[in-house]
Amino acid sequence: MHEMALCESMIEIIEREAREQQFSRVRAVWLEIGALGHVDPEAMRFCFSAVAHGGIAADARLEILEMPGAAWCMDCAKTVTIAQRDAPCPDCGGHHLQITAGEELRIRELEVD
């Protein structure tokens, strides 16, 4: 389960920001997860709870924002929304797509004290 390692890294980032920005508690974390990133939101919630236990984010809410996948179709020269990596262009059916969004995993916002 790679979500555990992702959450460990996320907590490290939050703790570093707490030292730099001088906050002592995290109330909420807004996390952007791309639809094409192979990250399970429910596994992230479970792992975040386990990794955050006893630390600065122990009681924090994890709000997950699922970001859609997008690609540039080289056949029809359009940006299109896609649900999976190997999907054809929904407009022209072409398979020459360059992923432009949906792979991200980003802490968007923290609510802190």
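Using N, Cα and C of the backbone, Cβ positions are placed for all residues, glycine too.
Computed from a predicted structure; not experimentally measured.
Sequence annotations record features per position, and here Swiss-Prot assigns Ni(2+) binding site to His2. The Zn(2+) binding site annotation in Swiss-Prot covers Cys73, Cys76, Cys89, Cys92, and the record cites sequence analysis as its basis.
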>> Using a 10 Å cut-off on CB atoms, tell me which of the binding-site residues Cys89, Cys92 is the least crowded.
In response: Cys92
> Counting only residues 6+ apart in the same chain, whose Cβ is under 8 Å from the Cβ of the residue listed as 'Ni(2+) binding site'?
Replying inline: Val39
> So how many other Cβ atoms are close to Cys73 (Zn(2+) binding site), meaning within 10 Å of its Cβ?
Replying inline: 21
> Relative to the mean position of the Cβ atoms of Cys73, Cys76, Cys89, Cys92, the recorded Zn(2+) site, which additional same-chain residues have Cβ within 8 Å?
Replying inline: Met74, Asp75, Ala77, Lys78, Val80, Pro90, Asp91, Gly93, Gly94, His96, Leu97
>> Can you tell me how many other Cβ atoms are located within 10 Å of the Cβ belonging to Cys76 (Zn(2+) binding site)?
In response: 13
> Using DSSP, would you call Cys89 (Zn(2+) binding site) helix, strand or coil?
Replying inline: coil
> Any idea what DSSP makes of Cys73 (Zn(2+) binding site), helix, strand or coil?
Replying inline: strand
